[in-house]
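Database features, via TrEMBL:
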DOMAIN    13-414  domain 'Major facilitator superfamily (MFS) profile'
TRANSMEM  12-36  transmembrane segment
TRANSMEM  48-67  transmembrane segment
TRANSMEM  79-99  transmembrane segment
TRANSMEM  105-130  transmembrane segment
TRANSMEM  151-168  transmembrane segment
TRANSMEM  234-259  transmembrane segment
TRANSMEM  271-290  transmembrane segment
TRANSMEM  297-316  transmembrane segment
TRANSMEM  322-340  transmembrane segment
TRANSMEM  361-379  transmembrane segment
TRANSMEM  385-409  transmembrane segment
Amino acid sequence: MTQPNPRASWKRSLAIVWIGEFFSVLTSSILQMGLIWHVTLTTGSASALSFVSLAAFLPMALLGAFAGTIVDRTSIKRLMIGADLFIAAVSLTLVFGSLRGDLSVTAVAAVLFVRALGSTLHTPAFNALTPLMAPPEALGKLAGMLQFMQSGSYIIGNAIAAVIYPAFGLTFMIALDVAGAVLASIAVAVSGIKTPVPERHALEENVEASRRAVRAFLSETADGFRELKRHRGLFAMLWIGFVFSVLFSPISALFPLMVFDHFGGTTTQSAIAEIAFSVGMIAASGWIGVTGGLRNHALSCALAIALFGAATLASGLVPPSALVVFLGLTFAMGLSSPLYSAPQMALMQERIDPECMGRVFGLYGAVCSWAMPVGLVASTLFADAIGVSACFVLIGAAMVILAGITWTIPSIRKIG
């Protein structure tokens, strides 16, 4: 793959893409909050929330490993534009059920599943774009700035959702999401970025040639696995990330039920809890963006897991009358998120061969996404059997233990 020529305008081009991404994430978070409230208020079921979340995660779990290979064999610019427009078209189909007032949980899950197919390609493409454009010494701060931007879009999105949902309803939220995806694709188109297009042979029409193409496709995906395994510390972090994702996914899915069932809260209070989490994310992301974060990236990841676990455990012990305390703990959870994800991304961007960047990110996302269904299915059983608050206690304790295990692995300590 030919590397793009260095350009003095890389900051301008990247900024345009990121601005489009900001609005896309903003409108997506608005719709996501609306769909969560729709499912929660119409069913009041942990199983329904887990089912919808599972539908959204499955595409990454099933196709994520191959998505990275597609990114490395395609123009990233064209892929991002196509994925955004695909997501917009799929989201638009929700309008029909919303206007009729009979938008079922099954319909929401089906649309989220198909929509996630586009995100499965868009996410590794977007992650692979930055190291292609920016110099290596800027990647650490850029990772923090990206977390800051995404956190800001989440917090603003949740605040806007709290106003739009009762005032204008779900249909308006869907329209905003479609507009955000279209705007993101336009931003990529006009940014002036020129991503390299790998040389490819013309598509063969006979069956044998197609089989060879599939074998090459699988081989390149395996190359991504071997590239990651070549870095022992990163390979160990992959499986730590898998376990962390198993534990994290129930918290993400059951958060609204914690507010509604345990604290007897409203949609507004649920939005405030989400905002508190996002404020924590944006505070930590801003700090990383300015300072670069802790010099020891591996230590930052371990401390972040411990902080998230302690806050989750404490949340399960908070009495129903102490919603304010719970909001403070959700802020602490938000703080821990960028402290884990930003240094982890920087570690991979600094050490992985740029030729394999897309497939490694895709593979990493796929492995962690396979953890999501496991966590969601298990959490449904635990939440229904012992209650949401007890589920928070058990998961939080497991996260604290995982943080200790992470720092005892020599290869992880050495990559810091």
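Counting starts with 1 at the first residue shown.
Even glycines carry a Cβ here, placed using N, Cα and C.
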Under an 8 Å Cβ to Cβ limit, what residues of the same chain, 6 or more beyond the ends of the transmembrane segment (322-340), are close to it? 144, 147-148, 151, 244, 251, 258-259, 263, 265, 269, 272-273, 276-285, 288, 293-294, 300-301, 303-305, 307-308, 310-312, 314-315
Result, the transmembrane segment (385-409) in contact with the transmembrane segment (105-130) (3+ CB pairs under 8 Å): no
Long-range Cβ neighbours of the transmembrane segment (79-99) (under 8 Å; 6 or more residues past either end): 24, 31, 70-71, 107-108, 111, 114-115, 117-119, 121-122, 125-126, 129, 169-171, 174-175, 177-178, 181-182, 184-185, 188-189
